[in-house]
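Listed features, source TrEMBL:
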type	residues	note
DOMAIN	1-356	domain 'FMN hydroxy acid dehydrogenase'
BINDING	TYR24, ARG165, HIS251, ARG254	glyoxylate binding site
BINDING	77-79, SER106, GLN128, TYR130, THR156, LYS227, SER249, 282-286, 305-306	FMN binding site
ACT_SITE	HIS251	active site, proton acceptor
Amino acid sequence: MAMVCLTDFEEYAKEHLSKATWDYYAAGADECCTRDDNLLAYKRIRLRPRVLRDVSVSDTRTTVQGTEISFPVGIAPTAFHCLAWQEGEMATARATEALNTCYITSTYSTCSVEEIVAAAPNGYRWFQLYMYRDRKLSEQLVHRVEALGYKALVLTVDVPYTGKRRNDIRNQFRLPPHLKVKNFEGVFQETSVPEEYGIPANTLDPSISWKDIYWLQSITHLPIIVKGILTKEDAELAVKHGVQGIIVSNHGGRQLDGGPASIDALVEIVDVVAGRIEIYVDGGIRTGSDVLKALALGAKCVFIGRPAVWGLAYKGEEGVREVLQILNDEFRLSMALADFDMAAQGGLQDDDGTNLEGFWPELN
Ligand SMILES: Cc1cc2nc3c(=O)[nH]c(=O)nc-3n(C[C@H](O)[C@H](O)[C@H](O)COP(=O)(O)O)c2cc1C
């Protein structure tokens, strides 16, 4: 079967994964309004293409945190890749290494960070971190990934508690016994405490606050990127606390239902941050023109969550490569058809020094 667009991978995954696994990946919180709006919001945005400006040469390369990647799409942290494909995160890591883009490894990986790095030693990676009640747990992970050559920490700040995902409750979702949250192997004793998504419930610290950014800075030299910012007020606080980047994200609509689509939140955040740090966005990106819209609105790079998992479910490493390649091809085409200049992202000037009036999409 020829895979033409990301939806083809979604359909394949839905057909081939077990119902409980599919439901887990697909889940949004409560009524899934925010999850669904993440996609619809992109469809509401219209581009204003310019023509007759020679688009015969296009270059999709960009940099994130000073490192060049082949195009502005990375992999967002998602848990439990071994549920979709036996080699799990190792396959994801190989695919992103091959395409030279950024892979944010989830703390809740079903391969250990050591296995992931060994599988793709030259890959460019960031590590997604949560703040645990026992700070030692977070600290040990930080030192571990630093030593392994991870290039940034992505602190997820939108999970003081886990959102209510109805189907996971109905299905009594559990990791099958042969899979483990490998980064915590041997850390938690077998206890009678109920588990939540592979680790004991109530392990995350709901009292996490801005001062924890200072704590994190005190134990690492890695750049810190906060993931889960949706307002200009929090974006300003993030800059004031000295972080190096923001991922505008609502966790794929899995946390607060009723919050904004991430692409809608991006606009005010780009505005207030005004270029002081890099802004990225995830949630609902399914086509190359979605990528273009996010960049035109000021994101430096976008990240995909579920589509990478669908690629894994289809054909492991090869499937993730195909997903990324399709997005790359579509992005390149949209860029040419809209005459979008990568150098223009962030509203800079065109090669010839003219303003980029007309390059920006209109919001209907
Ligand atoms: C199955 C699944 C697991 C996720 N696990 C994590 C995680 O471990 N840590 C995290 O910060 N975000 C996690 N996320 C959120 C993603 O990083 C990302 O914000 C979201 O998937 C983007 O939306 P998209 O799936 O529409 O691309 C998860 C999302 C999904 C769908």
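Any Cβ shown, glycine's included, is placed from N, Cα and C.
Please treat TrEMBL annotations as automatic predictions, because they have not gone through curation.
Note that the structure is predicted; figures quoted are calculated from it, not measured.
Distribution of TrEMBL features across the structure.
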residue : record                  : Cβ contacts under 8 Å, 6 or more apart
TYR24   : glyoxylate binding site : PHE80, LEU83, ARG165, ASN167, ASP168, ASN171, PHE173
ALA79   : FMN binding site        : SER106, THR107, TYR108, SER109, THR110, VAL181, TYR197, GLY198
GLN128  : FMN binding site        : PRO77, ILE104, THR105, SER106, THR107, LEU153, VAL154, LEU155, THR156, LYS227
SER249  : FMN binding site        : ALA76, ASP158, LYS227, GLY228, ILE229, LEU230, SER262, VAL281, ASP282, GLY283
HIS251  : glyoxylate binding site : THR156, ASP158, VAL159, GLY163, GLY228, GLY283
ILE285  : FMN binding site        : TYR42, VAL73, VAL291, ALA294, VAL302, PHE303, ILE304, PRO307, LEU327
GLY305  : FMN binding site        : ALA76, PRO77, THR78, GLY252, ASP282, GLY283
Among ALA79, GLN128, ARG165, HIS251, the binding-site residues whose C-beta sits under 6 Å from ligand 1: ALA79, GLN128, HIS251
Sequence-distant neighbours of ARG254 (glyoxylate binding site) in its chain (C-beta under 8 A, six or more apart): ALA27, GLY28, ALA29, ARG35, GLY163, ARG165
Residues within 8 Å of the TYR24, ARG165, HIS251, ARG254 Cβ centre (excluding the glyoxylate site residues themselves): ALA27, GLY28, ALA29, THR162, GLY163, ASP168, GLY252, GLY253, GLN255
DSSP-derived structure type at THR156 (FMN binding site), helix or strand or else coil: strand
Span of the glyoxylate site, taken as the largest CA to CA distance across TYR24, ARG165, HIS251, ARG254 (Å, rounded to a whole number): 13
Site with most surrounding Cβ atoms, counting all protein chains shown within 10 Å, from the binding-site residues PRO77, GLY283: GLY283
